[in-house]
Structures are given as C-alpha cells and as structure tokens.
Amino acid sequence: MTTAADIVTFSHTYARDVPGLVLRWSAAEVESPQLLVLNDELAVELGLDPAALREPAGLALLVGNGVPDTVALAYAGHQFGNYSPRLGDGRALLLGELIDTAGRRRDLHLKGSGPTPFARGGDGLAAVGPMLREYLVGEAMHALGIPTTRALAVVATGRPVVREQVLPGAVLARVAASHIRVGTFQFAAATRDEALLRSLADHAVARHHPEAAEAPNPYLELFRRVVLAQAELVARWMLVGFVHGVMNTDNMTISGETIDYGPCAFLDTYHPATVFSSIDHGGRYAYGNQPAVAQWNLARFAEALLPLMADTPEQAVELATPVLGEFADAYHAAYRAGMAAKLGLAEHDQQLVDDLLALLRDQRVDFTNFFRALADGTARDLFLDRAAFDAWEARWSALGPDRAAMNRVNPVHIPRNHLLEDALTAAAAGDLAPFLEMLEVVRRPFEPRPEWARYTQPGTGPFVTFCGT
Ligand code: AMP
Ligand code: MG
C-alpha cells in the first residue's frame with residue numbers, strides 16, 4: 001500500500017542544524033480527509049504529482065498522517081508590542097523540506113494539525129474559512145509578484161471547530177522558503193545559548209542570504225539583508241494597498257516572504273489610518289503604520305543578533321544602528337520607484353504623489369480602481385471634487401505618462417474583502433464554486449474581463465476581519 005511517506009522524501013536540515021528549536025510531534029489523525037482545493041501549479045513546481053496528492057496516500061500527506069519526523073517549531077514574539085517568550089507552532093507542524101524543480105529548498109508545513117506542546121490551551125485546530133482565506137490571499141499576492149508563502153492545499157477534516165460558532169475544520173498545507181521568523185531569533189537569543197543562536201544564524205545565512213557568509217561580519221550582513229528584504233516587501237504591500245493586520249515579530253520572516261494571513265485585507269478607499277482587524281484597537285498595524293512597525297520589528301531582530309555581531313553589546317549596537325537606519329532609505333527607494341511606475345512616470349515626483357494621496361484620502365477614492373481608471377482616462381468619475389482632480393491630472397499629464405506601462409503594474413483584481421467573505425461563507429456551507437471562481441480572478445490580477453466586472457467593485461461600508469484562530 002502506498003503511504004504518505006512514499007510520495008515525497010523530505011529532508012530535515014533545520015531540525016538537524018538547530019535541534020534545540022524543534023519539538024518532535026505528530027499530527028492528529030484525520031479519519032476521512034476531504035480535499036477542498038489543491039494547488040496543481042505549486043505541486044508541479046515542488047516536483048510532486050498532483051494526481052498522487054488526490055489519492056488517499058496524498059491526502060494523508062496533506063494532513064500529516066503517517067508522516068515521520070514531523071516537528072513543531074519554537075519561536076517567541078512581540079504581539080502588539082508585548083513580548084511572549086514562548087509562542088511556537090501551537091497548531092502547526094513542519095513536515096519537512098523539499099527541493100523544488102528550480103533547486104530551491106522549500107518547507108512544507110501544516111496549520112490546523114492538532115494541538116502541540118506550544119498550544120497554550122488552544123485546540124490546535126483551524127476552520128475551513130480562515131484556511132481558504134490564507135490560500136486565496138497568498139495566491140493573489142503571488143500573482144501580484146509579491147514574495148509570499150503559498151498554500152499547497154486545504155483539506156477538510158470533518159472535525160468540528162468550536163469558535164463563536166461551531167465551524168467545519170480544515171488543515172492548510174503551506175509552502176515557504178522557510179519558517180524562520182524574527183521571533184525564532186528572539187526565542188534562540190532568550191535561551192542564552194550562544195551556540196544555538198549561532199547555529200540558527202548560520203542556517204539562515206546559508207539558506208536565505210548566502211552572500212552574507214562572505215562579508216567581514218556575516219551576522220551584521222545577515223541583519224542588513226533582512227532589513228533590505230523587509231523594506232522591499234513592505235513597500236510592495238503599500239503599493240497594492242495590502243494591510244497585513246498582525247505584524248507581530250513572530251509573523252515576520254527572515255526570507256522576506258509575507259507570512260500568516262489572518263486578519264489581513266486590502267484597502268478599498270485610500271486612507272493611511274485604515275485598520276480591518278477587530279483586535280487592533282490602537283491602530284498599531286494600520287496601513288500607514290506598516291513601514292514603521294516593520295522597522296520596529298527589525299530592531300527586535302537586531303537585539304536578538306547582538307551577541308553574534310560583536311564582543312560587547314555596546315560595540316554591537318554601534319554596528320547595528322546605522323544598518324537599521326538603512327531601512328528608511330531602502331523603503332522609500334522601493335516605494336518611490338513603485339509609485340512612479342504606478343503613475344507611468346520615469347521619475348518619482350514627491351509633490352505630485354503627496355498631492356494625489358491627499359486627494360484620494362479626502363475624496364475617499366478606491367485605491368486599486370483609481371490607477372486603472374487614470375490610465376484609461378476615466379478617473380475623473382471617481383472624484384466628487386472634479387475640479388481638484390482635473391488640476392492634479394493636468395500636472396500629471398504634462399509629464400508624459402506611459403499609460404500602457406501603468407496597466408502592466410496596476411492590478412484590476414485584488415481580493416475584494418466583501419466578495420471574499422461571501423465566497424468563504426458559501427464554502428463553509430459546502431459550496432466551493434464562488435471561492436474557486438474568485439481564485440481564478442485573483443490569479444489574473446492584470447487581466448480585465450467583462451464577465452469579471454463585479455470583482456472590481458469595492459465593498460460598501462466598513463469591513464472588519466477577525467484573527468484566523
Ligand atoms: P497566529 O495568530 O496564527 O500568528 O498565531 C499566534 C500564536 O498562537 C502561534 O503560536 C500559534 O501557534 C498560536 N495559535 C493560534 N491559534 C491556535 C489554536 N487554535 N490552537 C493552538 N495554538 C494556536
Ligand atoms: Mg503567526
């Protein structure tokens with residue numbers, strides 16, 4: 001009989017290199033797994049046979065049944081600014097690593113696979129809706145060209161999950177360059193075991209930032225590379241109006257991939273203070289705060305790395321501080337280049353952009369639709385104060401924008417919050433059709449189609465998201 005272990009051979013370099021940061025643990029048995037959605041394209045990229053994944057042995061793999069050597073990952077983290085020394089994979093497991101068809105090492109990880117010793121009283125489970133949400137938003141981000149973890153599959157478990165209501169349970173199989181987070185370094189640093197911290201840093205360098213190994217101070221260079229990767233990443237979020245919603249240090253990767261799609265959502269109307277998450281009362285993770293929060297998280301990363309960077313903490317701080325300062329320049333360079341491209345301009349024009357953002361904010365204009373309409377010559381209709389727009393548009397037009405180029409970088413299709421909620425509600429009730437159609441749409445972000453017109457409609461009224469627990 002074919003079993004999960006026959007379908008793929010995992011390697012376990014992370015568990016080998018930092019055994020102190022993993023806990024051997026097995027997934028809760030799922031008796032009758034039902035495949036809800038499988039990412040065929042990603043399976044092929046991983047060198048896996050999609051047809052085999054649909055067979056019973058494949059489904060067993062996708063929920064972790066009978067997979068040897070699975071581990072829960074240890075990490076700490078600052079959640080809304082408060083430090084938790086022990087978070088870790090409370091409802092997740094690393095199945096192992098595989099080398100994809102492009103030669104890259106990728107983690108295959110499960111979410112919702114039962115409680116682990118990191119569960120802190122949680123049930124270790126996940127519901128169908130939030131796991132499909134992570135699937136779809138990750139695919140949308142990938143299609144937009146933004147570094148991200150991606151879902152391989154969502155499998156219904158048949159287990160009830162008790163939240164405010166009883167919900168159908170699911171396991172998400174997720175692929176990432178790795179699951180090393182800022183919080184992983186915080187956990188390692190807090191053990192005061194410098195050899196462990198060094199092993200983690202060496203693993204991260206070799207895996208994600210190999211050029212850093214050549215630098216005079218590889219750990220300082222690791223820090224710089226992560227600073228630059230995160231600056232670029234957050235700039236990309238800002239340019240598409242993405243609000244992560246829970247930028248805790250345990251939700252920030254060392255690879256520079258977006259991770260942990262919980263209460264995230266995309267802007268409809270443009271406003272820097274936009275918050276969707278029901279638990280973000282202070283607006284810490286508001287759209288406009290994301291660059292500052294990323295830099296705050298990176299300062300926590302630097303603190304964890306200090307023992308490796310120099311002989312004394314004072315020397316290490318002196319080295320790390322200017323590197324942390326590189327975040328702002330890198331962020332602004334990426335954002336400005338991206339904004340110039342969105343406006344079809346060869347060069348960034350700060351005053352033009354500032355004036356535009358003020359107009360969009362004051363007139364409550366849809367962020368995504370604006371840039372397409374601008375290229376198509378119909379943006380005027382989105383403004384109440386048309387004279388104000390006309391004046392801005394004349395300045396912009398005089399710079400000779402390339403409208404065709406704009407339509408290659410400005411998406412038509414983002415996961416519209418209200419439509420995604422409707423699709424998830426239908427999916428939880430057993431009808432996957434709206435979800436699957438929306439998945440098609442967000443996978444073609446730059447391709448307008450008349451039959452998909454409703455996917456460009458902003459929602460009406462305020463939208464609230466809840467953490468994916
Ligand atoms: P997240 O909000 O998904 O980033 O998770 C934050 C922390 O809470 C992580 O340590 C998770 O493993 C843990 N966690 C979230 N939900 C659950 C749950 N239902 N059972 C156990 N642990 C959970
Ligand atoms: Mg998380």
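Yeah, the Cβs are placed from backbone N, Cα and C, and that goes for glycine too.
Summarising the environment of D123 (ATP binding site), the number of other Cβ atoms within 10 Å of its Cβ, over all protein chains shown, is 17. The ATP binding site annotation in TrEMBL covers G88, G90, R91, K111, D123, G124, R174, R181, D260.
Counting only residues at least six positions away in the same chain, the Cβ atoms of Y75, A76, G77, H78, Q79, L87, R181, V182, G183 sit under 8 Å from the Cβ of D250 (active site, proton acceptor). Annotated active site, proton acceptor per TrEMBL: D250, in sequence order.
Annotation comment: TrEMBL describes N251, D260 as Mg(2+) binding site. The Cβ neighbour count for N251 (Mg(2+) binding site), using a 10 Å radius over every protein chain in view, is 23.
Checking the binding-site residues (G88, R91, R174) against N251 (Mg(2+) binding site) with a 10 Å Cα-Cα cut-off leaves nothing. Pairwise Cα distances among G88, G90, R91, K111, D123, G124, R174, R181, D260, the recorded ATP-binding residues, top out at 23 Å. The Cβ neighbour count for D260 (ATP binding site), using a 10 Å radius and every protein chain shown, is 23. Residues within less than 8 Å, Cβ to Cβ, of G88 (ATP binding site) and separated from it by at least 6 positions along the same chain comprise L23, A72, L73, A74, Y75, T116, P117, F118, F187.
In sequence order, D107, L108, H109, L110, K111, E134, G138, T149, R150, A151, L152 are the residues of the chain that are 6 or more apart from R174 (ATP binding site) and have a CB within less than 8 Å of its CB.
For ligand 2, the nearby recorded positions are D250, N251, D260; that is, of G88, R91, D123, D250, N251, D260, these have a C-beta under 6 Å from one of its atoms. The Cβ of R91 (ATP binding site) has 22 neighbouring Cβ atoms from other residues within 10 Å, across all protein chains displayed.
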